[in-house]
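Copied over from TrEMBL, here are the features:
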REGION    1-60  region 'Disordered'
COMPBIAS  1-14  compositional bias 'Polar residues'
COMPBIAS  15-37  compositional bias 'Low complexity'
DOMAIN    43-236  domain 'Poly(A) polymerase nucleotidyltransferase'
BINDING   Phe122, Gly123, Ser124, Asp135, Ile136, Asp137, Asp189, Lys250, Tyr259, Gly268, Val269  ATP binding site
BINDING   Asp135, Asp137, Asp189  Mg(2+) 2 binding site
BINDING   Asp135, Asp137  Mg(2+) 1 binding site
DOMAIN    241-385  domain 'Poly(A) polymerase central'
DOMAIN    388-562  domain 'Poly(A) polymerase RNA-binding'
REGION    446-487  region 'Disordered'
COMPBIAS  449-463  compositional bias 'Low complexity'
COMPBIAS  478-487  compositional bias 'Low complexity'
REGION    583-690  region 'Disordered'
COMPBIAS  589-599  compositional bias 'Polar residues'
COMPBIAS  610-636  compositional bias 'Low complexity'
COMPBIAS  666-681  compositional bias 'Low complexity'
Amino acid sequence: MWNSDRQQQQNGVITSTNTGTQQNTNNGNGSRSGSQNPPKQLGMTSAISLAGPRPEDVQKTDELRKALEPYKVFETEEELNHRMEILAKLNTLVKQWVKDVSIAKNMPEAAASKLGGKIYTFGSYRLGVHHKGADIDALCVAPRNIERSDYFTSFFDLMKKQPEVTECRAVEEAFVPVIKMNFDGIEIDLLFARLSLKEIPDDFDLRDDNLLKNLDPRSVRSLNGCRVTDEILSLVPNIENFRLALRSIKLWAKKHGIYSNSLGYFGGVTWAMLVARTCQLYPNATAATLVHKFFLVFSRWKWPHPVLLKHPDNVNLRFPVWDPRVNASDRYHLMPIITPAYPQQNSTFNVSESTKKVILMEFNRGMTTTDEIMLGRASWDRLFEAPSFFYRYRHFIVLLVNSQTADDHLEWCGLVESKIRLLIGNLERNQHISLAHVNPKCFEHKKGNTNNTNNNNNNNNNTSCSQNSSGNEEDKTGGSQQTTSTVTSSPFCSMWFIGLEFERTENLNVDLTESIQNFTEHVIQHGVNIKMLKEGMSIEARHVKRKQLSQYLDADFLKKERKSMESHNNFNNQIMANRKRLSTEMQKDGSNGSTNTNVKRSRVSESNEENSNASSDAGGATTPTTPTSTQQTPPTFSNANSKQATPVEDHSDNSNSGGGGGAGNANGNSTPNSNTATASAQPATEVACS
């Protein structure tokens, strides 16, 4: 199913889906006994390697564990016990609530006491990879006599009365309805599922597909988290190695800005499935080796071939499943990674062309970095160093989200964040934009920062940019003339930044007004439709050049960004020097007819010279591993009403990959069906590149 035969040819033979120890292997040396059965295998294909760990692999794993400790990815025994106590209290409350509601519905007390009800966990806590202070994803399972309306009324009221519970709020109309709360210092997202069973025993297993019969879609979606998490744990050969590798990959993904399902990157369950697939391909490897092989496998994956952990179950309960043979829309998914539990879904349907490019670039960068780590030429800290986002591009779109109260701001930001990928899609449809890179981090605007206000936005577009001796005009303090004023007058303001990279085309003129106005109008209209929009809520899009970032971001933060850029450049230069030296040594050895075993051993990833552009093998365009490898023609900007673009001085520099364009400012407000909110789109209405 789903090109599984083709994938078998690429990666090996089919394996079983049961956990267990590897048999018929002699510590990975390949020797077998003819009297024994074939080894049990996991996943769609056979393992790439059954080799066991070497002493240096164990040492690298110890180094990896120590490198993770400063990032607070491990909880103490006391903190773990605290979480277990909270879940036990919740479980007791659920059982008592089910009993009380049943008695209120005229059920005898003796029968109501037997109904049960249970709390299940899923996500990072269930996988055992949650970090300090992380929330808990949980599911409340109730028998058939309990209605969803009971959950969002009587149970919600019960939780609000608990002395340990604060910030309790219900999101009943969400795609997956949830009650959010803070329970004794731990954030909990509690879903609800009503099963078509009379009783819920304490040892009930949610992985049974038959329990989905006659369930409503919302209950099926709520159950999916637990079912997928349990399947993942059952499909990895060594859970402890899986957990340490997954902790590492999740930390790396967050540091490199590619951890966000809503913005089109990968979410937690997706990273878990990718690490689980790596564990299946290297079942006896240590965590350090798994991290290295993770980048090797997925930097060269033949996207859009799907990643599957097992053969899809032949279950026909009429729930929609991911199947491109049946569903035309599934054929357009760029990086499909399929959940292992029925009904199978693509966890990455939000991935766009731009986010795919960014993810592949980071996969390639990770491959190069782990090569150096495994060779002993770098430490694990290098993998977790965040690359510079704000020195990668010269032009940005900044989205400013404003509200009057903290509660309004929380809801408004959540809505805007869920819609940002629509703006990315609008920008991608412009044939001249090669990349629209959204930074998933939401920045809070601090009062006291200054910027050019809306009154002089037009001047921003036509002001020539000067350049200092370092080639980074943005680092000059006081080098450009500015009008001091606050960025916003709203008491609450959050910001998202989108870096723009344009195609290298002469005499390029790009109008981004429509793309941005369509986005802001859509967000405002959606806020009106769901009755969220309140007085003081607004969304504004501005064009920002790199030198103007200091008006929005803290100066110390920008200094760290620049140091990060310089550190990555030095590391990349060191790698290139090592490769050049290695190539020279190999040529000398070849001319002398000798074999240098040390040189052979140093080629960790089988083809070190190809790692920097491995994304071409993974189904994507060739992408440089560093943001400093290309130069672009500098852009010029003009207003929508200008008859001629005003030229801008060349301010390209060696620290900048790209982007030759951005959005300027054209004042405009959009308040469909509402006079209480505004959507100000101030994009670079016209971009001219010569």
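Easy rule for this one: first residue shown is 1, then count along the chain.
Cβ atoms are placed via backbone N, Cα and C, with glycine included.
If you check the binding-site residues Ser124, Asp189, Tyr259, Val269 against Asp137 (Mg(2+) 2 binding site), the ones with a Cα inside 10 Å of its Cα are Ser124, Asp189. A mean pLDDT of 95 is what the model gives for the domain 'Poly(A) polymerase central' (241-385). When the domain 'Poly(A) polymerase central' (241-385) is classified with DSSP, helix, strand and coil residues number 72 helix, 6 strand, 67 coil. Figure note: comparing Cβ neighbours within 10 Å for the binding-site residues Asp137, Asp189, the maximum is reached by Asp137. A gap of 7 Å separates the Cα atoms of Asp189 (ATP binding site) and Asp135 (Mg(2+) 2 binding site). Excluding Asp135, Asp137, Asp189 themselves, the residues of that chain whose CB lies within 8 A of the CB mean position for the Mg(2+) 2 site are, in sequence, Gly123, Tyr125, Ile136, Ala138, Lys180, Glu187, Ile188, Leu190. Cβ neighbours within 10 Å of Ile136 (ATP binding site), excluding its own Cβ and spanning all shown chains: 22. Applying an 8 A CB threshold to same-chain residues 6+ apart, the list for Tyr259 (ATP binding site) reads Lys250, Ala253, Tyr265, Phe266, Gly267, Gly268, Trp271, Pro440.
The binding-site residues examined here are Phe122, Ser124, Asp135, Val269; by Cβ neighbour count within 10 Å, the least packed of them is Asp135.
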